[in-house]
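As written in Swiss-Prot, here are the features:
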type	residues	note
DOMAIN	11-197	domain 'RNase H type-2'
BINDING	ASP17, GLU18, ASP109	divalent metal cation binding site
Amino acid sequence: MIEPFIYPVATLIAGVDEVGRGPLVGAVVTAAVILDPARPIVGLADSKKLSEKRRLALYDEIVEKALSWSLGRAEPDEIDQLNILHATMLAMQRAVAGLHIAPDMVLIDGNRCPKLPMRSQAVVKGDSRVAEISAASILAKVTRDREMTELDREFPDYGFAQHKGYPTAFHLERLAALGATEHHRRSFAPVRRVLAL
């Protein structure tokens, strides 16, 4: 049983989540969403627990109904320079900065917050407990999955559309056989090993 979340007192709450910390390739993508209480969205949940079809339908509904939404990202070279944690925090800051309405409270999935110019609170399992974070997780996941499908067209031998860049056995085998693309994260151990050969 997931513990229900008690919302802080605030006028405009943004939810923030990230997708893509674990993959060996591509950007880490974040989203920030301020929902409109007058236009509720039914069925918001952690993006990982939704079917792709449901995620896509909710993505369109969130984009249409949210008071404000924004995407942020950190590219592979930034991940390599900063490390994945700091790059994720930077991408979250970018998502919040991109909102055209400034929230007075930001709820962030996980156990730590980036430095922000407004109040913020980390919420463990927030993508299952907080509607705004669920919405952000859906926007971030759909966006990153689409990017991996695009990358798959550019590099069809790696299987990016299937594994989304995560270190599956197939991805590791392709990496060993073909080498790293320019989009691979060079600081991640499996990529580093291939580059050292």
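Placement of Cβ uses the backbone N, Cα and C atoms for every residue, glycine included.
From a predicted model like this one, the values you see are computed outputs, not experimental measurements.
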Residues flanking the divalent metal cation site, with Cβ no more than 8 Å from the Cβ centroid of ASP17, GLU18, ASP109 and excluding those residues themselves: VAL16, VAL19, THR30, ALA31, MET92, ILE108, GLY110, GLY126, ASP127, ILE133, ALA136, SER137, ALA140
Packing count at ASP109 (divalent metal cation binding site) (other Cβ atoms within 10 Å of its Cβ): 26
Binding-site residues listed as ASP17, GLU18, least Cβ neighbours within 10 Å: GLU18
